[in-house]
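See below for the structure under consideration.
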């Protein structure tokens with residue numbers, strides 16, 4: 001009897017579990033269509049499930065849905081980045097009292113490879129629509145640049161929809177339910193806006209092309225290339241290139257996107273380099289720019305052989321890198337007083353603002369309007385117009401500079417009597433510069449490239465005098481390389497020279513050139529002057545130097561040479577008669593104490609070495 005009772009309990013438990021699963025699937029969130037709602041964002045009624053099987057079928061999705069494997073969307077719109085697997089989305093729609101039965105499910109992202117919509121009626125019938133940018137455009141159920149699926153929703157009817165997405169691009173599935181009348185009306189407005197946008201791009205392209213033909217300035221050539229590539233790239237992102245240019249060449253449309261993004265980035269770098277005159281104004285930054293150009297050119301070439309996902313990931317990351325380099329270069333040149341750089345920055349600010357607005361809409365931070373939806377197009381349109389004005393302004397400046405040069409030449413021709421004087425003045429100026437350079441060289445140690453003893457003898461009394469007048473502290477570090485004679489004897493003088501140079505490099509890197517300075521005191525000894533530093537600060541700086549030197553490994557014949565230093569620290573005594581000599585003497589005594597207590601340590605004057 002107990003066994004029979006146990007069997008009944010088990011049967012009832014299994015029935016309850018199956019019923020709970022059925023009820024769970026049955027009570028999935030429903031998107032209710034009511035009168036007056038023609039554009040619906042099914043945020044809370046859409047769930048998703050990811051199947052790592054690339055051949056995932058509707059049966060697998062329905063089984064997963066029945067077992068509550070589908071989860072609410074983590075964000076809206078549904079975005080998952082560059083993710084693997086097949087993404088399934090479920091949406092249950094009920095037409096409560098809306099008079100329209102002709103609806104459309106719109107996926108407003110044109111770069112998804114495969115999309116299949118399965119419509120499941122309460123009677124179990126299944127209707128399938130296949131789409132995606134890897135299929136010819138003619139296969140689409142609705143002739144539109146976005147993926148659009150027709151839905152038949154009579155009044156008081158309920159339908160289940162399963163959307164299957166598999167793509168190498170970023171998984172972005174911005175869903176919207178719209179009546180056909182509403183969709184056609186707003187699609188027409190959107191197409192008009194895009195028509196204006198591409199009209200501006202074409203006008204800028206032709207205008208700049210005519211200017212380039214007339215004046216042959218390379219900046220206009222790079223600008224033309226950028227405008228053309230950027231416009232074609234936007235047409236790929238908007239789905240227009242696939243719809244109008246390459247409807248029967250899906251793979252070629254993907255390759256066109258990769259090519260135009262890469263070409264636009266290379267052209268923008270070349271344009272920035274010429275427009276900002278980096279080779280003449282900032283040569284070091286120009287070297288970085290040239291490296292960036294070669295890297296972007298390599299990425300562009302690699303996009304023809306890499307997979308789409310790897311290529312688009314590289315180019316997406318490159319967009320941020322190129323933007324950072326270009327903006328940084330413009331800021332540096334603008335701060336140097338080059339006025340066209342301001343116009344360049346202003347143009348980039350509109351572009352970046354457009355990107356921020358578009359991203360905010362994508363993540364649901366801003367309401368979707370015509371301006372916010374097409375933020376990138378509006379921002380890039382203003383950017384191109386401003387860059388065109390900046391080019392014209394730069395050309396005007398160049399013309400004014402040329403006119404000024406011509407006037408200068410004319411004036412020189414009129415005052416030939418002063419030419420010899422000008423030449424003499426120029427020669428004297430060059431001589432003064434040469435003398436300054438020679439003086440600077442004479443104050444530098446030839447081996448270590450830090451200041452030499454002569455400079456120290458001149459600079460230290462001045463620093464002491466200033467500290468006394470201003471009633472400010474001043475500290476001196478006297479540094480000696482431990483066991484340097486042994487290193488010379490064991491490894492040779494060349495290795496000893498390498499040790500001196502490496503220690504000097506560490507000291508120079510650690511010392512602020514504006515306030516402090518380092519000098520070679522003689523042999524293996526160095527002096528560091530720290531104006532304004534208290535004794536505690538000087539001790540900490542000395543410890544930092546000691547630890548940094550301990551990290552040095554100088555290549556030797558048998559094994560790398562490890563280096564250590566001993567440091568004596570002394571602070572300025574304003575009451576001493578010979579303050580400079582007293583400072584050096586006390587630092588030397590502290591250094592001697594450090595040597596006596598085992599080396600590789602910092603000893604402060606007047607403080608016991610083990611404190």
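Along the chain as shown, residues are numbered 1 onward.
Placement of Cβ uses the backbone N, Cα and C atoms for every residue, glycine included.
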Annotated coiled coil segment (source TrEMBL; candidates 375-409, 410-444, 445-479, 480-514): 410-444
Stated TrEMBL location of transmembrane segment, expressed as one of 154-173, 174-193, 374-393: 374-393
TrEMBL annotation (transmembrane segment) - matching range among 109-129, 130-150, 256-276: 256-276
Per TrEMBL record, range annotated transmembrane segment [choices 82-104, 312-334, 519-541, 542-564]: 312-334
In contact by Cβ distance (the transmembrane segment (374-393), the transmembrane segment (195-213); 3 or more pairs under 8 Å): yes
Among the ranges 256-276, 312-334, 374-393, the one whose Cβ pairs under 8 Å to the transmembrane segment (288-306) are most numerous: 256-276
Tertiary contacts of the transmembrane segment (374-393), as residues 6+ beyond its ends and Cβ separation under 8 Å: 190, 193-194, 197, 200-201, 204, 207-208, 211, 217, 219-220, 223, 227, 230, 234, 275, 339-340, 343-344, 346-348, 350-358, 361
Beyond the flanks of the transmembrane segment (312-334) by 6 or more, those residues with Cβ under 8 Å of it: 82, 168-170, 257-258, 261-262, 265, 268-269, 272, 276-278, 281-282, 285, 288-289, 292, 296, 299, 302-303, 306, 341-342, 344-345, 348, 352
